Amino acid sequence: MASPRTGSKRAGFRRTAAERAGRADGDARALPAWPVAAGLALLLLAALTAAVSWGSTSLPPGEVWGVVARRLTGAAPRPGTSDLIVWQLRVPRALLAALVGAGLGLVGTAVQALVRNPLADPYLLGVSNGASLGAVAAIVLGAGAGSALGLSGAAFTGALVTFALVWAVARRGGGFAPLRLVLAGVAIGQFLSGFTSYLVLRAGDEQQTHSVLFWLMGSLGGATWQLIAVPAVTVPAALVLLQARARGLNALLMGDETAAGLGVDVGRLRRELFVVTSVLTGSLVAVSGAIAFVALMVPHTCRLLVGDDHRRLLPLSALGGAVLMVVVDIVCRTAMDAQELPVGVVTSLIGAPALLFLLDRRLKDGS
């Protein structure tokens with residue numbers, strides 16, 4: 001008969017093994033989290049500075065930070081146009097890019113844990129399709145399309161309605177199985193996508209059609225201080241909520257039975273993940289349009305660096321997504337003199353080769 005001390009050691013070993021099992025197989029080769037986080041934070045600071053400094057009117061970084069410091073301290077702005085350019089135009093856009101990127105990194109990580117598929121992204125849930133339909137309907141029908149806030153409100157409403165539909169279908173027959181959730185999201189998303197295409201054809205004039213297509217390809221051009229209010233709340237809130245459930249997310253990677261054996265309420269955790277990812281996706285698509293590949297590519301890249309432990313993966317995915325989106329937005333604004341590139345075009349050009357690289361990496365690893 002084993003002694004209490006031996007039993008305690010075995011229990012401790014089981015707990016340690018269970019925690020390790022929730023991480024990637026390559027965690028032995030993973031980099032320490034803090035240096036990676038520090039590097040990403042410095043990159044984000046540099047990218048934000050460049051985003052506010054570069055444009056049709058370039059400004060030195062010292063002048064940029066001077067404007068920001070005066071605004072934050074309540075000092076009177078200096079005469080000239082630099083204050084308007086920095087504080088009213090470029091800072092809101094740079095912050096919106098960072099928030100959208102961070103949110104996409106978070107939602108991609110959560111969805112991949114929700115359906116236990118490292119190649120999943122939030123488009124599987126259909127919520128982004130619903131948000132797109134809401135925004136397109138607002139543009140074509142003229143309901144709230146006169147302002148960025150009205151357009152975002154219509155998109156968020158579409159996302160919430162789609163969330164309710166997918167939830168209702170996924171819950172039919174009881175339970176909350178990942179396969180049923182994905183099938184419901186894909187089916188409803190495709191239906192809404194078809195209806196969106198119909199509305200595009202119904203657009204009354206060329207300007208409406210251009211606005212619809214530009215929004216569907218992703219854009220941060222409508223950034224204002226009022227517009228960033230919603231993601232400024234939803235993104236940090238989602239990070240806190242998901243970080244609090246990081247151990248449960250690790251357990252989900254081992255399968256439902258193992259997770260339940262470790263004390264995780266699998267059904268409740270999945271419901272919470274679905275709610276958080278749906279609301280977050282809706283709030284992001286509402287302010288930026290449909291942006292592809294970021295939610296898929298960023299978590300995957302971070303896994304290669306730090307492994308699968310969600311306690312490290314979630315904050316690093318947020319930082320990585322923020323850096324990527326700020327850099328992408330700089331490219332969109334400065335690549336062409338005459339016009340601005342849609343954000344989704346650049347992320348697709350970057351994301352498609354990156355996805356092929358990741359798939360090749362997984363095949364070589366035998367996974």
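Don't overthink the numbers, they just go from 1 along the chain as shown.
Cβ atoms here come from the backbone N, Cα and C positions, even for glycine.
Just so you know, TrEMBL annotations never went through curation; they're auto-generated.
According to TrEMBL, the region 'Disordered' annotation covers 1-20. The transmembrane segment annotation in TrEMBL covers 33-55, 94-115, 122-143, 149-169, 181-201, 213-242, 273-298, 313-332, 341-359.
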Is it the case that the transmembrane segment (94-115) and the transmembrane segment (213-242) have 3 or more CB pairs under 8 Å, with pairs at least 6 apart in sequence?
yes
Listed stretch, out of 149-169, 181-201, 273-298, 341-359, that has the most CB pairs under 8 angstroms to the transmembrane segment (313-332)
341-359
Return the stretch with the most CB pairs under 8 A relative to the transmembrane segment (213-242), choosing among 122-143, 149-169, 181-201, 341-359.
341-359
Quick one: do the transmembrane segment (149-169) and the transmembrane segment (181-201) have at least 3 Cβ pairs under 8 Å, skipping pairs fewer than 6 apart in sequence?
yes
By a Cβ-Cβ criterion of under 8 Å, what residues six or more beyond either terminus of the transmembrane segment (181-201) are in contact with it?
114-115, 120, 123-130, 132-133, 136-137, 140, 158, 162, 165-166, 169-170, 209, 212-213, 216, 270, 274
